[in-house]
Amino acid sequence: MGSGKVTFVALLLCLSVGVIAEDPYLYFNWNVTYGTIAPLGVPQQGILINGQFPGPRINCTSNNNIVVNVFNNLDEPFLFTWNGVQHRKNSWQDGTPGTMCPIMPGQNFTYRFQVKDQIGSYSYFPTTALHRAAGGYGALNVHSRALIPVPFDNPADEYNVFVGDWYNKGHKTLKKILDGGRTIGRPDGIIINGKSAKVGEAKEPLFTMEAGKTYRYRFCNLGMRSSVNIRFQGHPMKLVELEGSHTVQNIYDSLDLHVGQCLSVLVTADQEPKDYYLVVSSRFLKQALSSVAIIRYANGKGPASPELPTPPPENTEGIAWSMNQFRSFRWNLTASAARPNPQGSYHYGQINITRTIKIFNSMSQVGGKLRYGLNGISHTNGETPLKLVEYFGATNKAFKYDLMADEAPADPSKLTIATNVKNATYRNFVEIIFENHEKTIRTYHLDGYSFFAVAVEPGRWSPEKRKNYNLVDGLSRNNIQVYPNSWAAIMLTFDNAGMWNLRSEMWEKTYLGEQLYFSVLSPSRSLRDEYNIPDNHPLCGIVKGLSMPAPYKA
């Protein structure tokens, strides 16, 4: 063969390898509209995606590229966030008011992101206004690649279950209440996949199982404020995954699931073939709320028993029970996640802490209106997304960094309304302590990262409490609960450049200021660390019409 032919063949081989090596793309077109729904039997305006509530399920595989073209047919600006997706180098697609201009009514926007080096159970939902109270949410499941071993046999099927509290008031009414300075109060009920039912009501089954087979149930709590407890009538649950981590496979009769959290369990259909109830009940509310759904055996005979499994205790005893359950959630050190190497090959407990950030939540009246905040700052969104302001070098016109200190002020209950942006040094390993001095539970989520949940304890934190940390097999996750009059500790490396939202997952509190943004800048301004602004990214506010900055280079 001549040298020219050899060169040509070699070039073809290189090109074919390049094509094969690119990860697959999945494309979705979503039409976001209003529609009448009645989760608790009261007709109200809901937010539908392609006519569905809950919305369409995204089923993908680790490293897939996801392309979602969203058409906003509402009468208000709208955004989706992809809760738990890390968006490596790409906070442009995170879908929060601090990173993106909203999709205006009658307009569309195409999200493009990669589920890089992730597996697990996640969700998407609206971040604008109080839209989450009207629906607009759904599942985002990331499966392991074919060559990566999974620490359990393939289930017969997978089912996504969205649970949480619900309000009969519409999202615009709820927003008006908050804008008027009042709380939205107690929810009206609990829903399961957009519906509710009581024992004895004739309802279609939520899911069907075949006797002798095992099923994977992916649960997410996308309510507004209430923790819930999940239990199957007559069927124990084997916990196998929580927010992207394979867990030690303990067996549970019931599981607490806090707002914003997702987990996976295996349930085996090994009982008498008939109907059984899935029970979801509220936690830590003065007046308990609950709902049931029917799980039916194929070819089964007989209704579900009216005798429901006993819920866990409430009040102080219930908090201790739930805290102990948290401690039982541990990382499966020998299992692989998105990569072939075992999860336990990352020894987070041996890394030196470079910074400790203590965060106190509080509530207060500001100008006669209810506000929530962190370390004395109640966050407010400006007219321009923070990421755009920073990228265009216009921060002096929009916000000041580090108004919030790493320690709580002497009187954290005194709140100042301001844009809350903290600098974080790229690739530093940090410890974040959450202290909750309130009488109600909190849950917090950090975009762009998974962190190690090393402790949840009663009382107040002090450096001596580090001896209680789990430095070996704490779960890598993206959401942490903080019980009343308790604290929680997480550890992470700020190795993902971008602008990332730390927020309460209880949307009333988020809307009224209980959130902040971490600015994580790479000093090299290199494409190795962060992507340039996408070509289709809309500009708004003070950066609209400005010349584009010099792009990052490889």
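Each residue, glycine too, has its Cβ placed from N, Cα and C.
Annotation comment: Swiss-Prot describes C101-C540 as disulfide bond. Cβ environment of C101 (disulfide bond): P385, L388, H537, P538, L539, C540, G541 lie under 8 Å away, each six or more residues apart in the same chain.
Residues or ranges marked as domain 'Plastocyanin-like 1' by Swiss-Prot: 22-143.
As annotated by Swiss-Prot, domain 'Plastocyanin-like 2' applies to 196-296.
What Swiss-Prot records for 411-521 is domain 'Plastocyanin-like 3'.
Every protein chain considered, the tally of other Cβ atoms within 10 Å of the Cβ of N31 (N-linked glycosylation site) stands at 14. Summarising the annotation, Swiss-Prot assigns N-linked glycosylation site to N31 (among others).
Taken from Swiss-Prot, the feature N-linked glycosylation site covers N59 (among others), and the record attributes it to sequence analysis. Other Cβ atoms within 10 Å of the Cβ of N59 (N-linked glycosylation site) number 14 in total over all chains. A strand conformation is recorded for N59 (N-linked glycosylation site) in the three-state DSSP classification.
The N-linked glycosylation site annotation in Swiss-Prot covers N108 (among others), and the record cites sequence analysis as its basis. Secondary structure at N108 (N-linked glycosylation site), taken from DSSP and collapsed to helix, strand or coil, is strand.
Taken from Swiss-Prot, the feature N-linked glycosylation site applies to N332 (among others), supported by sequence analysis. Other C-beta atoms found within 10 angstroms of the C-beta of N332 (N-linked glycosylation site) number 20, with every protein chain shown included.
Per Swiss-Prot, the feature N-linked glycosylation site maps to N352 (among others). Listed in sequence order, the residues of the same chain lying 6 or more apart from N352 (N-linked glycosylation site) and placing their CB within less than 8 Å of its CB are F429. Secondary structure from DSSP puts N352 (N-linked glycosylation site) in coil.
Summarising the annotation, Swiss-Prot assigns N-linked glycosylation site to N423 (among others) and lists sequence analysis as the type of evidence. Using a 10 Å Cβ-Cβ cutoff, N423 (N-linked glycosylation site) registers 12 neighbours.
The signal peptide annotation in Swiss-Prot covers 1-21.
Long-range C-beta contacts of N108 (N-linked glycosylation site), restricted to its own chain and to partners at least six residues apart, with a cutoff below 8 Å, comprise N69, V70, F71, N72. Here the C-alpha separation of N31 (N-linked glycosylation site) and N423 (N-linked glycosylation site) works out to 37 Å. Annotated pair N423 (N-linked glycosylation site) and N332 (N-linked glycosylation site), C-alpha to C-alpha distance, rounded: 33 Å.
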